[in-house]
Amino acid sequence: MGYLDLALSYSNQPQTVEAPASGGGLSQNGKFSYGYASSAGKRSSMEDFFETRIDGINGEIVGLFGVFDGHGGARAAEYVKRHLFSNLITHPKFISDTKSAITDAYNHTDSELLKSENSHNRDAGSTASTAILVGDRLVVANVGDSRAVISRGGKAIAVSRDHKPDQSDERERIENAGGFVMWAGTWRVGGVLAVSRAFGDRLLKQYVVADPEIQEEKIDDTLEFLILASDGLWDVFSNEAAVAMVKEVEDPEDSAKKLVGEAIKRGSADNITCVVVRFLEKKSASSSHISSSSSKEAKEMPPLGDLAISSNEAKQVQIGSGNKPENVTNRKPDTASRSTDTLTLERNSVTDKV
């Protein structure tokens, strides 16, 4: 959610809300499992996107997870989903200086998006909340108000900051650049946009930057899980309440589905997308964190090359008002098959697009 007119974009008439689309998987090294769920909620259109991706880089398994909440249309969020992580993992300093690589990838992706939008005389934008798992490091970056929260030692800890125009440092930056912040239902940049950092937003780019804030956490046996979600969840959940709910459900896909379903029940008026990553430092690779719908277990596999499996390379479903699910043929049958010898056990991967 971002632009002023989006606040009125859903109907007040009773609507049938479909069950969230969901899926998940387990890393081949058994160090983490993940699940996701996504729903248009009460809205007639879907502008949330997400990515769950596991790559083998220099013989090391790397996890990349992201939630992207579009405004002014779905184009920007879809673009960021498709390009951000590809730009990141090809950065020459991705392993050696991950934070610098993330900053460069965010800004490069934004620059390329703006070129695309400008050539078509269009303007759309997107938040991003991303989590990169590299070795024993969790590196979280964000622009906008899609939030990242971890549970460490049983406590909820925000590892991102919502970028809002009324925050003193953000307001000062905007005003120093020649912009202004005014109240229009909530505080907005130029009276229009409710976030102060985002991808895209061509007409406000001088004030609405895509420079990410980055926070790093050590992955150890006190780090239990991570929640990434769009503001459709956080509008009706505190950090503590979300963490408490995930604690009750061992499987990350079921956790994500429960959060999204409960957000709908609580009256969230926005699209809702959630990714849950569980860290399995104390558990073996055969841990039961895989969804109960899958009876397969990860097997030992050959040494890794530069292997990539992402949520948009497996079976995809298009969800939205009036659209039937669309099956997309897997583009990498040799690496993204349903065999237990794959790098990750992917299930029901979803592209949440309208």
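A Cβ is built for glycine as well, from the same backbone N, Cα and C atoms used for every other residue.
Secondary structure at G70 (Mn(2+) 1 binding site), taken from DSSP and collapsed to helix, strand or coil, is strand. Per Swiss-Prot, Mn(2+) 1 binding site is recorded for D69, G70.
The feature Mn(2+) 2 binding site is assigned by Swiss-Prot to D69, D231, D270, with similarity to another entry given as support. The DSSP secondary structure for D231 (Mn(2+) 2 binding site) is helix.
The compositional bias 'Polar residues' annotation in Swiss-Prot covers 309-328 (among others).
Look at Swiss-Prot and you will find 336-348 (among others) tagged as compositional bias 'Polar residues'.
Summarising the annotation, Swiss-Prot assigns domain 'PPM-type phosphatase' to 33-279 and lists sequence analysis as the type of evidence.
Annotated region 'Disordered' per Swiss-Prot: 289-354, in sequence order.
The CA atom of G70 (Mn(2+) 1 binding site) is located 11 Å away from the CA atom of D270 (Mn(2+) 2 binding site).
When Cβ neighbours within 10 Å are tallied across all protein chains shown, the highest count among the binding-site residues G70, D231, D270 belongs to G70. Looking at the domain 'PPM-type phosphatase' (33-279) alone, the prediction's average pLDDT is 97.
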